[in-house]
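A.B. asks: Copied straight from TrEMBL:
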{"type": "TRANSMEM", "residues": "B:14-37", "note": "transmembrane segment"}
{"type": "TRANSMEM", "residues": "B:44-64", "note": "transmembrane segment"}
{"type": "TRANSMEM", "residues": "B:70-89", "note": "transmembrane segment"}
{"type": "TRANSMEM", "residues": "B:101-122", "note": "transmembrane segment"}
{"type": "TRANSMEM", "residues": "B:142-162", "note": "transmembrane segment"}
{"type": "TRANSMEM", "residues": "B:190-214", "note": "transmembrane segment"}
{"type": "TRANSMEM", "residues": "B:226-253", "note": "transmembrane segment"}
{"type": "TRANSMEM", "residues": "B:260-279", "note": "transmembrane segment"}
Amino acid sequence: MSCLLQVRGLVKIFGALVATNDLHLQVMPGEVHALIGPNGAGKSTLVAQLAGELAPDSGSILFEGLDITNLPVPERVARGIVRSFQITSIFPQFSALTNVSLAVQARAGHSFKFWRDASTDPTLREPAQALLDQVGLGVRGNVPAGELAYGEQRQLEIAMALATKPHLLLLDEPLAGMGREEARVIVDLLRRLRGGPTILLIEHDMDVVFSIADRITVLVYGTAIATDRPDAIRANAEVQQAYLGGEMDHA
Amino acid sequence: MGILLFLEQLLNGLQLGTMLFLMASGLTLVFGIMNFVNLAHGSLYMMGAYFAATLFQLTGSLLLASAGAFVGVLILGMALEAIILRGFYHRDHLDQVLATFGLILFFNELVRMIWGPQAYFLALPEMLNGSIELIPGAPYPVYRLLIILIGVAVGAFLYMLITHSRLGMLIRAGASNRGMIESLGVNIRILFTLVFGLGAALAGLAGTLAGPLLAVQVGMGDGVLITTLVVIVIGGIGSVRGAFLAALLVGLVDTFGRMLLPASLAEMSIYILMAAILWRRPQGLFPAHG
Amino acid sequence: MVRNRILGTLLAIALLALPPVAQALGEPFYIGIASRMLVFALAAMSLDLILGYGGMVCFGHAAFIGIGAYVVGILGHHAAEETLLLGFIPGTSSGWITWPLAMLCAGIFAFLVGAVSIRTQGLYFIMITLAFAQMAYFFFVTLKGYGGDDGLRLPQRSQFSDLISLRDKTTFYYVALGVLTAVYLLLLRVTRSRFGMVLRGAKENERRMLHIGVPTYRYRLAAFTIAGALAGLAGALMANQANFVSPAMMHWTRSGELIVMVILGGVGSLLGPAIGAVAFLSLEEVLSAYTEHWQIALGPLLLAVIYFARRGIYGALVTRRVL
């Protein structure tokens with residue numbers, strides 16, 4: 001099976017800090033691939049480079065066989081890579097439904113359409129409503145997104161990401177800052193997404209990671225030191241030594 | 001172009017540049033530290049010129065008039081900051097632009113009411129009125145040389161102030177991390193008022209110095225304000241070093257543009273320069289934030 | 001919503017009835033003032049498209065107006081002199097030609113300005129648009145062939161047909177009202193269309209917009225160009241209203257006043273900025289009747305409005321719907 005995303009020798013340096021250090025990574029189609037590592041291991045920097053916000057200093061990123069290393073953000077989204085943010089990023093003054101229908105609109109081709117009222121366009125509103133239903137926000141469509149509860153905003157963000165019909169969903173700590181109940185809703189949602197887009201997941205909650213990931217990559221000092229199935233990662237001595245020993249038990 | 005003409009224009013360019021730096025340093029400092037855009041900076045320049053013209057009429061001494069104008073605009077600037085502008089620090093730039101735009105209308109009209117619509121001229125004393133031959137065969141006005149010297153001196157002073165004093169340390173800290181100064185327990189209000197006053201006084205000084213070269217009249221600050229904005233945008237808003245280099249660059253481009261280009265192009269040369277620089281570097285030459 | 005509708009109807013009736021009422025009261029003078037307000041309302045509305053909906057604080061909008069006005073002025077000048085512009089373009093006073101050309105030229109200039117300035121953000125954007133407008137201002141100041149600083153008188157008003165003479169105050173008023181209404185209805189649709197949603201979204205959260213796959217730059221540039229073209233149309237009207245064009249029309253303080261109109265009326269509401277233009281010019285009329293130094297009051301008033309009444313007149317009058 002050929003891989004969906006292939007990262008080769010990626011390097012990103014900030015001054016004296018090597019944030020990404022000759023990083024190699026392969027993500028297979030359909031899997032839930034978790035990325036773990038101690039704070040400062042370079043997880044968020046990697047996601048930013050995959051999404052196109054940061055340009056790597058060297059190395060290449062191949063997506064579905066094409067080199068996308070130098071593509072700007074919107075073109076990557078068009079090719080099927082979309083990310084969520086650690087700090088929620090939505091359109092707070094628009095209703096939840098409008099948030100999603102904007103994303104549907106973005107997927108539907110260019111927006112040089114000046115005449116028809118977008119807020120009553122069923123080709124935008126109906127798919128948007130369906131996505132809200134899918135993430136469990138079906139009845140909250142008319143609420144301004146800024147007034148949604150924190151957890152609901154994360155659900156909304158996932159709905160927006162799904163609206164772009166991604167092949168690869170980059171989720172940057174989707175559970176960050178959530179209460180137990182809110183987190184459970186998101187985890188259930190992630191489980192239901194199985195069979196949909198491939199997911200690259202960054203998450204600190206090890207219980208969640210080990211229960212839903214198909215494979216796990218461990219990042220230390222900007223380098224992937226191991227990629228394997230969860231039970232193998234648990235057993236990997238190098239990983240134990242570099243990272244898991246302390247924090248795993250704690251989590 | 002002969003070498004002598006070239007040298008003369010070079011000096012003229014430097015003179016314009018140092019003038020612009022006096023304006024730009026204050027504006028860019030205030031922006032760098034308070035994140036505040038002050039369009040009324042040109043009005044402070046104008047007030048400096050009027051204060052100087054009035055004091056000159058009263059005393060007959062250019063030195064006294066200049067010193068008085070400096071202090072006058074310093075006080076005016078600090079009062080403006082403490083009474084009105086402070087309330088706009090936490091507003092977005094659009095609000096700041098509009099509020100200080102209101103101040104421009106106010107000051108222009110105030111000057112017209114007090115001093116009338118006619119222009120004033122400041123005469124130079126004998127000592128400054130002549131020329132000296134820096135290079136044999138090329139006389140250059142003493143007064144313009146004096147302006148260059150003052151500009152360079154202010155630049156050196158600001159450099160020392162920013163790199164070697166406690167105030168400068170706070171200024172640098174403030175430019176990179178606003179929250180940090182407050183945690184140092186410094187009375188930030190007084191710091192802001194002082195910095196604003198300093199910037200205002202430098203603008204007033206520029207206005208004073210411009211007095212003998214240009215007519216002192218209503219709205220004289222508007223044109224120079226725009227050029228100053230071009231300077232700080234090119235230099236990178238908030239960067240004093242950037243302001244210095246950009247001021248000289250703009251001064252030279254404008255001066256040589258007027259000599260070498262047809263009139264309509266010459267008027268546009270600095271804007272074209274700015275557009276070209278921003279096309280490559282949307283944050284200016286020395287971005288101060290991020 | 002019902003209240004919005006009642007207010008709208010009242011407004012429409014008042015606007016339509018103004019010329020006959022002014023005539024009946026023996027004050028036809030007001031028709032000219034009202035026409036000027038309508039033209040500025042159009043300019044403010046075009047600015048609102050980019051400022052209110054697009055979040056782009058353009059401090060050079062007067063330049064687009066001035067370019068539109070000069071297209072009408074210069075072509076009219078060549079028509080009267082029977083000379084050729086640049087040696088090959090014949091002049092004309094036909095509004096069918098000059099008005100669309102005014103929009104085209106202003107639109108092209110806006111496109112060029114936008115192409116550079118939209119790459120920047122925040123304060124840089126404000127300053128760059130200001131600087132470009134200065135560039136246009138000085139360009140026309142140095143155009144001695146068209147009056148330079150002193151400006152250019154229109155030899156005659158733009159011609160449309162024998163039935164419509166823009167020299168007649170009442171006719172001009174209704175033409176201006178018609179254009180304003182048409183532009184309002186157009187922008188109402190545009191701001192609610194997919195294009196409008198992209199523009200609003202980019203204002204609200206540009207990063208998010210990019211991450212749902214929208215390259216915002218090109219949409220912002222398109223909006224900037226449209227706004228510039230509409231400002232050019234306002235300029236064509238303004239040239240006819242004043243029968244005169246001059247660089248003063250594009251002075252930077254004029255751009256500042258336009259922003260004030262938009263803020264005063266209420267950003268991002270189209271009608272608000274139009275109301276703001278009327279309010280600003282009324283204030284000017286009223287204050288200047290008391291003292292020639294009326295700007296001494298305007299400045300502080302402006303400060304107070306910015307400080308205390310950020311939502312503007314429209315925001316205070318009308319309830320907005322959530323999109």
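From the backbone N, Cα and C atoms, a Cβ is placed for every residue, glycine too.
Since this is a predicted model, take the numbers as computed values, not measurements.
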A.B. asks: Same-chain Cβ contacts of the transmembrane segment (B:226-253) under 8 Å, 6 or more residues past its ends?
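C.D. replies: Hits for the transmembrane segment (B:226-253): 10, 13-21, 23-25, 27-29, 31-32, 41-42, 155, 158-159, 162, 175, 269-271, 273-274, 277-278, 283-289.
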A.B. asks: Given the transmembrane segment (B:44-64), which of the listed stretches B:14-37, B:142-162, B:190-214 has the most Cβ pairs that are under 8 Å apart from it?
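C.D. replies: Comparing B:14-37, B:142-162, B:190-214: B:190-214 has the most Cβ pairs near the transmembrane segment (B:44-64).
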A.B. asks: How about the transmembrane segment (B:101-122) and the transmembrane segment (B:14-37): do they have 3 or more C-beta pairs under 8 A, pairs 6 or more apart in sequence?
C.D. replies: no
A.B. asks: Count the CB pairs under 8 A between the transmembrane segment (B:70-89) and each of B:14-37, B:142-162, B:190-214, then give me the winner.
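C.D. replies: Looking at each of B:14-37, B:142-162, B:190-214 in turn, the most contacts to the transmembrane segment (B:70-89) are made by B:190-214.
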A.B. asks: Take the transmembrane segment (B:14-37) and find every residue of the same chain, 6 or more past its ends, with a Cβ under 8 Å from one of its Cβ atoms.
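C.D. replies: For the transmembrane segment (B:14-37), the nonlocal Cβ contacts are 45, 85, 88-89, 93, 96-97, 100, 144-145, 147-148, 150-152, 154-155, 158, 171, 174-175, 178, 191-192, 195-196, 198-203, 205-206, 209-210, 224-225, 227-229, 231-232, 235, 237-240, 242-244, 246-252, 254-255, 288-289.
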A.B. asks: Quickly jot the same-chain residues contacting the transmembrane segment (B:190-214) by Cβ under 8 Å, restricted to those at least six beyond its ends, or write none.
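C.D. replies: Non-local partners: 19, 22-23, 25-27, 29-30, 33-34, 38, 41-42, 44-53, 56, 62, 65-66, 69-78, 80-82, 85-86, 89, 120-124, 128, 143-144, 147, 150, 154, 167, 170-171, 174, 181, 220-221, 224.
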